[in-house]
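Annotated domain 'Putative Se/S carrier protein-like' per TrEMBL: A:24-90, in sequence order. The annotation domain 'DUF8182' is assigned in TrEMBL to A:102-178.
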Amino acid sequence: MSIFGFLKRKKTAPKTEDTALDQGLLVFSSTSEVIRAEVLLQKAGVSVKVMGPPPEIQSGCDLVIVFPINRQKEVLQILTRQQLRPLEVVPVSGPLMKPVDLFRVKDFGRYLMVRAANMKLTVDKETRVIVNISGGGCPDVPFLAAQLVGCSLDQAPRPRDLGHTLCGYALELALQEMERQCWRW
Amino acid sequence: MSELLDARGLSCPQPVLLTLEKLRSLSQGELVVLVDTDTSRENVIRAAASLGWQAKEVQAEGTDYRLTLKKA
C-alpha cells in the first residue's frame, strides 16, 4: 500500500470546507510530482492546495492539487516548462468531485493533535510545545521527532528543511495546519 | 516507591499524553510506564526526556515494555 493509501479507504467529502466550482484538480502519477508542482506553482504566485482525490477520480496518486480553474493555461505552462505533466486536469463540477481534506484535528483537552495524511503532530495548548510526533514509517521520522519534540511552535525547525521523505512533507503540512489552528487559542 | 501507569492498548498519542500528565503531577521521583508498541516506547521516552526525566530502565516483557522513568 502506498504511504497515503489510507486515503483510498476514506474518500468522503470534506465536512467543513465547500469547494467552489471555479476550482480545478491536477492529478499526477506520483506524490513526488505533486510536491514539485506545489512548490513551482506557489513560487509563481498561484494559490494552490494539496488535498486527497475525490471519489470520482480513479487515476493518479493519493494527492491532488487544487487550483483556480481560470488560471489553467498559465498553470500548465508553468508545469510544462519544468517537464511536469499532470495525468488529468479536472474541473470541480459537483459534490463527487470535491477533493478530500488531508487534515483531521482531535482535541484532547490540554493537547491538540493534527493529523496530515499519515503523520500526527500533538501540541500542548498551554505551552505551545510539541509533545509528540508519530506516524509515517519513513526512515527519517525518528530524526524528525527528535528535532521537533520539546520545541515550541514558534521555534520549531521546519520539517520541510529537515526531512527528505513524504513523511517529512506530511509533517510540514501538519505543522502548518497546527499553526493555523493556533490562531483560535 | 514507584508510581505505575498502564498505557497498554492505547493508540498514539495517548500513552505520551497520559505520561506527561503523570510526570507533571509527580515533579520528581520514579514512574513505571507500561506500553505495548515500539512506537509508544520511543515516543514516551522522548517526551519524558523533554521534561527532564530519564529512562532508567527499559524491559521487554513479552510483547510489552516496562519503562522506568526517573528524575532526581
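Each residue, glycine too, has its Cβ placed from N, Cα and C.
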* Sort the residues of the domain 'DUF8182' (A:102-178) into helix, strand and coil with DSSP and give the three counts. => 25 helix, 25 strand, 27 coil
* Over the domain 'DUF8182' (A:102-178), work out the mean pLDDT and round it to an integer. => 92
* Structure fact -> DSSP tally for the domain 'Putative Se/S carrier protein-like' (A:24-90), helix/strand/coil in that order, comes to 26 helix, 16 strand, 25 coil
